[in-house]
Each structure stands twice: as structure tokens, then as C-alpha cells.
Amino acid sequence: AKMAAAASDLLTGWCLFGLALLVILVFCWIYVRKYQSRRESEVISTITAIFALAVALISSALLPVDIFLVSYMKNPNGTFKDWADANVSRQIEDTILYGYYTLYSIILFCVFLWIPFVYFYYEEKEEDDGNTCSQVKTALRYTLGFLTICAVLLLIGAFVPLDIPYKKNSTEWEKVKLLFEEFGSSHGLTALSFSISSLTVIGMLAAITYTAYGMSALPLNLIKGTTSAAYERLENTEDIEEVEQHISRIKSKCRDGRPLSSRDRRTVQQLEERLRTLRRRERHLEFIEKSWWAKFCEALRPLKIVWGVFFAIVALLFTVSLFLSNLDKALHSAGFDSGFIILGTNLTNPLNMLLPVLQTVFPLDYILITTIVMYFIFTSMAGIRNMGIWFFWIRLYKIRRGKTRPQALLFLCMILLLIVLHTSYMIYSLAPQYVMYGSQKYLVQNNSYILLLILAFLLDQCIVTRTYLFLHKFWFFSAVYYFGNWAFIAVFLIGLIVSCCKGKKSVIEGEVDEDDSDMSDDELSVYYH
């Protein structure tokens, strides 16, 4: 009977996993197709973007699954379930760990090989439409640089961080031999961990740039809404008339046959470009004003306000919890040399208070932690969409509905892959004890909380999540993440102030810009009718 129940649970789990995977793939396909340019779409870049985005979302779901599995092995009274003996527990732990390594290996493959190759192949194709073999060779040559970086990170991770007990009288050859034996015994997992941790630092920088801004901008944009299409069209018509009159006044100077001065010619050229942009805006606004989709979205305005308030509450909960957690580390951790790691919680935060309450009603705590993870991902998407893709002060690409270039989508997916790597540490910073042990309970004989927490770990009363062990394999990365959390809070507050000061967004925000060279009005009916 127990075996039948276990088999039934396993079958149900696989069915739910398949359904979730299907939903993720459908969402990724819709998202990529919504933003990619129809005129520049390519099969290879589309498949790459969909796959990379799906890997990012699946990887972000590992943390809730990890927490659920270690919690599911114990009863509410702190004892292990009958089926969760030492062998079964070890199998589950290894399965989770290898799940992490598999997905993280795929992320390494995407970041260092697949996405760079497709990006450079498409760049070369734009310059030379003739020789496919030449395009592949050039793309491989540029991708080789990324592979070199990956190889260097793997080598550093394989050899530098290991603490190998050499004998006092060991020769150099014996030390090297022992080093390779240690590397072989770990199957290169330490090297992979170091590479992933290095990429996580880059993901931290991306989260500070895009996610922090997205968390502040998304809720306020939903609450404030957009300006009326009719009002914008009226203003745009007035601007068109003003520019036309200005052009007429300048051109009237040459009615007697005199040529315009170079200054006037430059002014007329700038005004004519401005006029073309305004007329393009007029066409967009006219389409939106007649669009049934725009009218449907306007009817959903109250629902958007509710979602905006909800997202604002989650953002404030996230930020306050992160601040208190970082403050706790600053006051009670062992300092920089330990990576600011602490056992237990000295300063409680709203999320740490809320999760134990939700644990009493299954599965509210898992719903909350999953919601926070998904919120982190979707606000990252919103931040990238609003800001575009930048290289320091140079804007490389814009993310626009139906007009995003394939290279921009590839960049977006790569940034999301890197941000996902940093998500686990962010969630750990918010609720360290919950990420370590989930909802597990243990038998107590003493009131000393910290002592019991350590003893529970040492006596195997509680099973630590693989996420926690993975995060703290290298202490110096934990120290970098700690300072990154402070930077994240600062950028969030700056973004919140900027978003509050800004007015309502245009109903065609980002659709028409003067510096767009690849804009086309041929597909307006696809999006606005």
C-alpha cells in the first residue's frame, strides 16, 4: 500500500512537472513572439531566445522545489516520515543537487557558447548575406573568446579554492598529483560551482541595474496608468501645426530667389525629421484610439490598480526584509572573512515573521516563496523592457513590442539567465532560516535557540537544502553578495523617487522615437486592431 501510494505520488509529481513545463514553454513562446520584430525574425534566434528564457524560468523554480522536498521528509512533530530513511533522504538530496548542476551546466552552455554563437552569426549575416560558411567561421572565432573565459573560470575553480592537506615532506610532483586526484574525486563540481558563482556576481550587477528599477517602476506605472490616446492625439496635432508653420516661415525667406543659409537649411532638416516623427505618432495614436484591445485594457484599469498596489506591497516587503537581514549580518556576523554568514536570526524581518505563520496552512508558505521568486523574475523583465540594454553609458538596444531586434532578445535572455543565478541568494538574504531548512521542525530539550540550531544540523535532525550548501561553497562570493544587497536597496530607493516624480507614461511609450532607424508602421494593425 505504501509503495502504491508512493508510486501514485510520483506519477502525480511527474504530471504536474510536465504541465508546468508546458505552461513555461507556451509563455516563453508568447513573450518572445510579442516583442520580436516580424521583419527581422529568424528561426535560430527565436528558438534560442525561447529556450534560454525557459531555462531561466525553470531554474528559478528550483529553490521552492528544494525547500518543499526537504520539508516533506519530516512530520509536523519533528520526526522523519517512515519512508524517509537515510538512503532515501540521501537520494533526494543528490537528485536536487544534480538537478542544480544540470540546469547550471545548461546555463553555462547558453551563456558561453550557444547565445554568443547565434548573436555573432546573426551580426555577420547582416553584413554578409552570401557565404554561410564564412558566417559560421566568424561566429565561431568570436565565440572562442567566451569559451576561453569559461575555461579559465573552470580551471580557477578546480584548483585555487581547494584546501588539500599536503604532507610536510611532499614533493612538488606529489602535490600536483594529489591536486589532480582531488579534482577527479569531486568530478569537477567545485569547478562548476566557482564558474556559476562568478556568473552570479555578474547577475548581481544586472539585478542591481534592472531588477531594482523594475521593482520600483512596475507598481507605480500600473497605478498611474497611461495618458489618454485622444488627449495625446490632440496635443500631437497641435505640435504638427506648429512645426509646419515654423518650416513655412523659414522657407518664406527664399521666395525672392535667395538661397537659405546653411543654418536655416539645418534647421529645416531637423524640423522635417521632427514632423515625420509627429506624423508617425499620429498614425500610432489613431490606431490605438480605434483599437478594441486598447478599449478592453481601459476597461481593466481598476484591476491594474489592484495589481499595482499588490506589487508595491511585495516590493516594500522585499526591500524592508532585505534591509533588516543585511543589518543583522552587519551587526552579528563574523565579518568579511566569513562572508557575513550568520546562524539563526537576531533581527527578525517581515518575511521571516510571515513564513512561519503561513507554514501552519499548507501550502501557503510555498505559494509565497514562489510568488516572490516569480516577482523577482518578472520585475527584471519589466526593468529591462523599460530601460533597454546598455553597455555602461551607451544604449545598445531597445525592447519594444513587435519591433525588438533578434540581438536584443538574445541579450535580454542572457541577462535573465544571469539574474536567475542571483535569485537564490537574494531569497536566502530575505529568509535565511527558511531557505536553509524550510518548514522542518525538530525535537527540543533546551531553550537555547542558536545552540539547538547547530545541534540539529550536527545530529542530522534537519536536512539542509542543497541551495544553502551551493551558495556558501566560497565565502568571498558571499561577501560580494552582501555588499551587492546594499547597492540593490540604494538603487531601488532612487528608482522609487524617480518613478514617483515622473508623470504618466505615454500610451505609445517607446513605440515611436526620433532616433529609431528600424521603425515600421506596416504592422500596426497586428498589435492595435
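Keep in mind that glycine also has a Cβ here, set from the backbone N, Cα and C atoms.
According to TrEMBL:
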type: COILED; residues: 261-288; note: coiled coil
type: TRANSMEM; residues: 12-32; note: transmembrane segment
type: TRANSMEM; residues: 44-73; note: transmembrane segment
type: TRANSMEM; residues: 98-122; note: transmembrane segment
type: TRANSMEM; residues: 142-162; note: transmembrane segment
type: TRANSMEM; residues: 189-213; note: transmembrane segment
type: TRANSMEM; residues: 305-324; note: transmembrane segment
type: TRANSMEM; residues: 366-396; note: transmembrane segment
type: TRANSMEM; residues: 408-428; note: transmembrane segment
type: TRANSMEM; residues: 448-469; note: transmembrane segment
type: TRANSMEM; residues: 476-498; note: transmembrane segment
Of the listed stretches (189-213, 305-324, 366-396, 408-428, 476-498), which one yields the highest count of Cβ-Cβ distances below 8 Å with the transmembrane segment (98-122)?
408-428
Over the coiled coil (261-288), work out the mean pLDDT and round it to an integer.
82
Tertiary contacts of the transmembrane segment (305-324), as residues 6+ beyond its ends and Cβ separation under 8 Å:
215-216, 218-223, 225, 347-352, 354, 371-372, 375-376, 379, 426, 429-431, 485, 488-489, 492-493
When counting Cβ pairs under 8 Å to the transmembrane segment (408-428), the leader among 44-73, 366-396, 476-498:
44-73
Is the transmembrane segment (366-396) packed against any residues at least 6 beyond its ends, judged by a Cβ distance under 8 Å, and which are they?
35, 56-57, 60-61, 63-64, 67-68, 206-207, 209-215, 217-218, 311, 314-315, 318, 351, 354-355, 358, 408, 411-412, 415-416, 419-420, 423, 426-427, 430-431, 434
Cβ under 8 Å, sequence separation of at least 6 from the ends of the transmembrane segment (476-498): give me the contacting residues as numbers and ranges.
197, 200-201, 204-205, 207-209, 211-213, 215-217, 220, 315, 319, 322-323, 325-326, 329, 336, 339-341, 422, 425-426, 429
